[in-house]
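These notes are about the structure you will find just below.
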């Protein structure tokens with residue numbers, strides 16, 4: 001990791017050094033995803049079977065995972081892992097239940113009543129990546145709030161063969177239907193519907209560049225998505241009180257997600273920065289994914305800040321997905337931290353806790369989107385509607401205001417909708 005003293009940089013250099021690595025979502029990916037979209041649209045299930053054999057090397061005779069398969073998978077989960085998943089589920093449920101909306105019902109002025117009511121999104125689709133390290137924890141993060149929100153139908157797609165952990169967790173969380181479908185084709189199947197796959201209203205979940213491009217495309221049509229996605233990232237703010245072994249472990253735990261991940265350390269102490277760099281090398285030697293981690297570290301940075309105030313400024317400008325604060329009084333910085341997907345305060349709040357079991361959601365905006373997007377929560381699985389109801393007296397008292405404004409905007413029919421009612425009022 002390159003070490004840079006922040007105050008030695010010009011303003012132009014500062015902007016450049018906090019830029020993310022360029023995402024490889026080029027024309028080739030877009031063209032490949034376009035072809036998949038057309039194939040699924042025209043050929044439905046047949047396309048899904050063909051693409052599964054082509055990309056996953058699995059020849060399926062059905063797309064829906066049976067109850068017997070789910071039960072068999074669940075029986076293979078160890079008691080130790082079951083207990084861990086259930087503990088995480090309990091914590092995540094508690095935190096997301098606390099997010100339930102309070103209904104708003106106000107009399108704005110006499111005879112004018114306004115409300116906000118919340119309704120669940122009817123049908124949601126969850127995408128869970130497969131591969132050598134199946135993300136069953138993401139099932140918890142998506143299915144639990146969907147269930148609490150009251151979504152009527154929850155379906156899940158994951159590339160075959162689906163791991164026992166994903167099947168068990170999905171069943172535990174109340175997912176109704178599980179499809180053995182992966183990649184961009186899963187996104188298009190859920191967005192468009194096929195003979196076997198239910199059309200959904202909103203799609204959630206992470207994925208590779210092809211899945212991300214497919215989500216971008218469906219979001220331009222009639223299917224909503226959770227948020228824009230990019231490579232995973234973490235920024236750590238640390239002062240002289242931080243333990244370099246802790247800081248190193250937090251940076252490495254994020255770097256192991258992928259070669260395109262980025263990790264940033266903003267330290268107020270050069271000694272800590274040097275000790276952390278040495279700790280990274282020691283710990284790296286123990287990791288099975290060391291090659292991937294090294295690639296991520298190649299475009300990662302250590303910044304030396306002159307103060308915690310400057311460290312906060314750097315963090316707010318970078319706007320990380322994960323922000324870890326390892327300082328003497330970490331909570332005191334919280335009021336000044338404006339842009340982050342999830343914040344981890346103190347030496348004993350590693351990102352791993354939020355990734356799995358503290359209760360917060362690990363589905364977070366990346367690539368600087370935390371300046372405008374929030375971490376996933378209960379609100380993402382529902383929508384708000386406003387309601388207004390006026391009595392004749394309330395209508396009359398507000399009528400002139402609306403007529404004047406409608407006339408000023410030259411919307412005569414808007415004014416008329418008020419005038420015809422006024423003419424029939426006897427109050």
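Every residue gets a Cβ built from N, Cα and C, even glycine.
Annotation source Swiss-Prot lists NAD(+) binding site at 127, 185, 208. Sequence-distant neighbours of residue 185 (NAD(+) binding site) (same chain, 6+ apart, CB under 8 A from its CB) are 36, 39, 40, 47, 48, 51, 52, 55.
What Swiss-Prot records for 232, 254, 257, 322, 355, 409, 414 is substrate binding site, and it gives similarity to another entry as the kind of evidence. For the recorded site, residue 254 (substrate binding site), the DSSP three-state label reads helix.
The Zn(2+) binding site annotation in Swiss-Prot covers 254, 257, 355, 414, and the record cites similarity to another entry as its basis. Within the same chain, residues at least 6 positions away in sequence whose Cβ sits under 8 Å from that of residue 414 (substrate binding site) are 402, 406.
Sequence-distant contacts (6 or more apart, same chain, Cβ under 8 Å) of residue 321 (active site, proton acceptor) comprise 232, 233, 234, 340, 341, 342, 364, 365, 366, 370. According to Swiss-Prot, the feature active site, proton acceptor maps to 321 (among others), an assignment based on similarity to another entry.
In sequence order, 232, 233, 234, 235, 254, 340, 341, 342, 344, 351, 354, 364 constitute the residues six or more apart from residue 322 (substrate binding site) in its chain with CB-CB distances below 8 Å. In the three-state DSSP scheme, residue 322 (substrate binding site) falls into the strand class. For 322 (among others), the entry in Swiss-Prot reads active site, proton acceptor.
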I need the CA-to-CA distance for residue 208 (NAD(+) binding site) versus residue 257 (substrate binding site), whole Å please. 12
Let's check the environment of residue 127 (NAD(+) binding site): how many other CB atoms sit within 10 Å of its CB? 26
Across the listed substrate-binding residues, 232, 254, 257, 322, 355, 409, 414, what is the farthest Cα to Cα distance, given in whole Å? 55
Let me know the DSSP-derived helix, strand or coil state of residue 127 (NAD(+) binding site), please. strand
Look up residue 355 (substrate binding site) in the DSSP assignment and report helix, strand or coil. helix
Measuring Cα to Cα, how far is residue 355 (substrate binding site) from residue 127 (NAD(+) binding site) in Å? 17
Rounding to whole Å, the Cα atoms of residue 409 (substrate binding site) and residue 127 (NAD(+) binding site) are apart by 46
